[in-house]
Amino acid sequence: MNTRDVGKVAVLLGGRSAEREISLRSGQAVLAALQRSRVNAHAFDPAGQPLENLLQQGFDRVFIALHGRYGEDGSVQGALELMELPYTGSGILASALAMDKWRTKMIWQAAGINTPDYVMLDASSRFRDVADRLGLPLIIKPAREGSTLGLNKVDNEQDFRSAYQAAAEYDSLVLAEQFIQGIELTAAILDDMPLPLVRIDVAEGLYDYQAKYFSESTRYTCPSGLSAALTTRIQEQALYAHRILGCTGWSRVDLILDENEQPFFLETNTSPGMTDHSLVPMAAKAAGISFDELVVQILELSCEH
């Protein structure tokens, strides 16, 4: 990369969401990669200073390594557009839609993309009504949170109530979702092209926050080991799921493949993790792209905003 073309780069990290600690890890990894690539890059934590300082400090573009609320929900993207600062990842609308699992599901269903059935919950929702609709077990999670925070698997009324309360601590929008038994997969999208699929095998329980970021027993396989034909079919559908939300630059589409080899798409992450446990760098490595090359390519795509 010709560093004169990108100028002074701010790596947004940390922030105010429940995923702050993961964002700090992602941001530091991104910052180190950019600096190794001789990019004039600096850390910028919006939790400790106003975004307008980006202009005062002379930044020319932004690498968004924020996760969750106020980072990948369109808020920061809107502020950066008002300041006319190019940034990585998707724009305002796509970021907001992808952050909202409820509205993502509505769009995907309208577009013919397979996603688990769901019911929106409130404090008056009855366990039996929801169980009759979705079957047991079922998943309860906040609609607008990432890293599986507030997510629980339930199969009885007592757990249903406690899981609802746990999810409601993160978001006023809570959904119950059909549980799909199958293989956990993720499809990374880079520059409108799918990368090799990553298969995720959890030792026990769900692929939750602990399993994602701290467990040493969670196993990842990339390439996934699926047949070439099935892999291509999933990648094509994942790319469509990415595009139909209006996503640009890069994203990570999560899904479950059931016993009939039918993919059920769960969500799209528009600012995926970039830690040592993260899946996009793993998929890129399988495609022959080093971590530093991946970070630089994502930054280069910011020129399209």
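Count begins at 1; order follows the chain as displayed.
For all residues, glycine too, the Cβ spot is worked out from N, Cα and C.
Copied from Swiss-Prot, the annotated features are:
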- 131-186: ATP binding site (BINDING)
- D254, E267: Mg(2+) 1 binding site (BINDING)
- E267, N269: Mg(2+) 2 binding site (BINDING)
- 105-300: domain 'ATP-grasp' (DOMAIN)
Around the Cβ of D159 (ATP binding site), the count of other Cβ atoms that are within 10 Å: 16
Largest tally of Cβ atoms lying within 10 Å of a Cβ, found at which of the binding-site residues A131, L138, L173, I180: L138
Whole-number Å value for how far D254 (Mg(2+) 1 binding site) lies from L173 (ATP binding site) (Cα to Cα): 20
Whole-number mean of pLDDT values that fall within the domain 'ATP-grasp' (105-300): 95
Listed binding-site residues (N152, N269), ranked by Cβ neighbours within 10 Å, top entry: N269
Inter-residue C-alpha distance, A131 (ATP binding site) and D254 (Mg(2+) 1 binding site) (nearest angstrom): 24
Tertiary neighbours of E145 (ATP binding site) (same chain, Cβ under 8 Å, six or more apart): A18, G68, R69, Y170, D171
Cβ atoms near E267 (Mg(2+) 1 binding site) (within 10 Å, other residues, all chains): 20
Per DSSP, three-state class assigned to D254 (Mg(2+) 1 binding site): strand
DSSP three-state assignment (helix, strand or coil) for I180 (ATP binding site): coil
Of the binding-site residues listed as L138, N152, D159, I180, the one whose CA lies nearest the CA of E267 (Mg(2+) 1 binding site): I180
